[in-house]
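Undergrad: Here you go, one structure.
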Amino acid sequence: ATVNLRALTSWVGIARLLAVLLSCLTFSLVASTGHFGGPYGTWCMFTWCFCFAVTLLVLLLELLELYPLLPLSWDDFTSAFSMLAALMVFTSSVVFPATFISSPCSSSLCARQAVATTASCLCFLAYAVEVSLTRAKPGDISSFLSTVPGLLKVFEAYIACLIFSLLDEYNGESGLMWCVAVYSICFIFTLLIIIFTIGRCLTYIPCSLEKVLVGYNFLALLMYLTATVLWPLYSFQGRSRPDPCGTNCWWNKHLGVTFLTIFNLIAYLVDLVYSTRMVF
């Protein structure tokens, strides 16, 4: 193996180094407090540890120039991971302080949690800078997942995962079950597009891939449009907000799904516009 120091000294390498250091600092501070139990704390710790480990592995593979030996599209993989890491760290930067930091913040425990939250926010900025630096320039289509439609695919799949984590009390309602089917079908197809792109399998599809993607985005947009109308209609019609309504309250979860559905609807709309421009 040869050593490529540019993997560490380029702007992308510097952003990855900062992400490694900040994610390590974040989970170390949170671990030292001992207060990260429950599903939300476990998710946040997994996010910081996962992003730290994968980013460090990416740096080592590029430093030693071993990545060409892997049977995958390296540019697509790193673009998809940096986008995913940015989304995951951003979510953790919001969820962790909202769940574990209480007011007023005066103890040393709270101070460490506040520093960890700040480091997590800076880590998100590092990944956002990496996404910006590696995004494909106009006319460059060598790496699909580094283009705007490719990055939106990662965003759409991640938002669908967040929706799945909030789903609750939808059995027995045909409208809600249709919405769950919409989330599941679009998630599966979007995930397959990402996996096939990274695995270099899209070239084996015996048809025009670009036009297939445009058609899929159009159908996904229509399906999410129906879910945007039906989910709040069947969730809140004739049902008022419980009092009290805690963290695990069904009303809050259904409201979160409503907003996430709107976010994905907008994402598929932008994806359709960019994909259409790329093809036609």
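Glycine residues also receive a Cβ, built from the backbone N, Cα and C atoms like all the rest.
Okay, so TrEMBL annotates it like this:
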type	residues	note
DOMAIN	7-139	domain 'MARVEL'
TRANSMEM	12-31	transmembrane segment
TRANSMEM	43-61	transmembrane segment
TRANSMEM	81-102	transmembrane segment
TRANSMEM	109-129	transmembrane segment
DOMAIN	144-280	domain 'MARVEL'
TRANSMEM	175-202	transmembrane segment
TRANSMEM	214-234	transmembrane segment
TRANSMEM	254-274	transmembrane segment
Undergrad: May I ask for the residues of the chain that lie six or more residues beyond the transmembrane segment (109-129) and have a Cβ under 8 Å from a Cβ within it?
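TA: For the transmembrane segment (109-129), the sequence-distant neighbours (Cβ-Cβ under 8 Å, at least 6 residues beyond its ends) are 11, 15-16, 18-19, 22-23, 25-26, 29-30, 32-33, 35, 48, 51, 82, 85-86, 89-90, 92-93, 96-97, 100-102.
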Undergrad: Using DSSP, how many residues of the domain 'MARVEL' (7-139) fall into helix, strand and coil, respectively?
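TA: Counts, helix then strand then coil: 109 helix, 0 strand, 24 coil.
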Undergrad: Can you say which of 43-61, 81-102, 175-202, 214-234 has the most Cβ pairs under 8 Å with the transmembrane segment (254-274)?
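TA: Going through each listed stretch, the top one turns out to be 214-234.
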Undergrad: Quick check on the domain 'MARVEL' (144-280): DSSP residue counts for helix, strand, coil, in that order please.
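TA: When I sort the residues of the domain 'MARVEL' (144-280) into the three classes, I find 108 helix, 0 strand, 29 coil.
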Undergrad: Could you pull the average pLDDT for the domain 'MARVEL' (144-280)?
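TA: For the domain 'MARVEL' (144-280), the model's average pLDDT rounds to 88.
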Undergrad: Grab the same-chain neighbours of the transmembrane segment (43-61) for me: Cβ-Cβ under 8 Å, and only residues 6 or more beyond its ends, written as numbers and ranges.
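TA: Distal contacts: 7-8, 13, 16-17, 19-20, 23-24, 26-27, 30-31, 36, 67, 70, 78, 81, 85, 88-89, 91-92, 95-96, 120, 123, 127.
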